[in-house]
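This report concerns only the one structure given below.
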Amino acid sequence: MKYLLDLILLLPLLIVFCIESFIKRLIPKKKKSVAGEIVLITGAGHGIGRLTAYEFAKLNTKLVLWDINKNGIEETAAKCRKLGAQVHPFVVDCSQREEIYSAVRKVKEEVGDVSILVNNAGVVYTADLFATQDPQIEKTFEVNVLAHFWTTKAFLPAMMKNNHGHVVTVASAAGHTVVPFLLAYCSSKFAAVGFHRALTDELAALGCTGVRTSCLCPNFINTGFIKNPSTNLGPTLEPEEVVEHLMHGILTNQKMIFVPGSIALLTVLERVFPERFLDVLKRRINVKFDAVVGYKDK
């Protein structure tokens, strides 16, 4: 009874905060300056990571770029230098914890303390559970979520000491709603979203108000990781569009960045609608892609 009474007493606050949130959405947010910041981006040799590096290069930042692909990271670095940025590329396998820690030491010695960390590196395997090999499952979690722990543990202390910084988690819409034949990927992205949310609350509990967090959750992106993805939610997203939303979210300290915005509505529907209706809804959304190993379409 006391719990119910407490909830009723909180209703006026809920109404006030809802109105406040609505008004804030109508007012354009001022973008913060990131000039002079040291920005580290993992998975910067291609796709979202590469384009994010280009955008930060235009903003007078110092870039630290990581990728497992030497040619890819050098190409990104060359373009960023043409855009006027100081760039430090490193070949790093984000599935290897000790390799990450070794690179961290080099970054601190050669460049300095990272103040904006973009955990972007990711892998995906399209297969049913039984066709997904054990090493593939392990690598999915090592890159898609465990690497976030190792990099954040390494660079967050300096941000907390200065009460200034930003940790960016590149997750996925698959971190909120599941897709068949992406079991390992969805599980790892749910973990990445959980990492972001728990880190956000932990920083708040510690009083680190100057250390910001953001989490990107896009729908399918045309980067070649998944072959011919399609959904009735709309066309496959182009990387440039996603990065535009990501940069706006970072520069305005947005905590959760959904692309498209309708993904946010889906996450709410999954929690309140009956399961049978959700089954019908998922059939209407009709997520499809090629090259599913182990599954035979009947």
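Every residue, even glycine, has its Cβ placed from backbone N, Cα and C.
Taken from Swiss-Prot, the feature signal peptide covers 1-21, and the record attributes it to sequence analysis.
Annotated NADP(+) binding site per Swiss-Prot: 40-64, in sequence order, evidence recorded as similarity to another entry. In sequence order, Asn120, Val170, Ile221, Thr223, Pro239, Val242, Val243, Leu246 are the residues of the chain that are 6 or more apart from Ile48 (NADP(+) binding site) and have a CB within less than 8 Å of its CB. Look at Ile48 (NADP(+) binding site): DSSP puts it in a helix.
Around Ser172 (substrate binding site), the C-beta neighbours below 8 angstroms that are at least 6 residues distant in the chain are Tyr185, Lys189, Ala192, Cys217, Pro218. According to Swiss-Prot, the substrate binding site annotation covers Ser172.
Residues or ranges marked as active site, proton acceptor by Swiss-Prot: Tyr185. Neighbours of Tyr185 (active site, proton acceptor), defined as other CB atoms within 10 A of its CB across all chains, total 27.
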Translate the DSSP assignment of Tyr185 (active site, proton acceptor) into the three-state scheme.
helix
If you draw a 10 Å sphere on the Cβ of Phe56 (NADP(+) binding site), how many other Cβ atoms land inside?
25
Name the residues of the same chain, 6+ apart in sequence, whose Cβ is under 8 Å from the Cβ of Val64 (NADP(+) binding site)?
Ile38, Val39, Leu40, Ile41, His88, Phe90, Val107, Val111, Val114
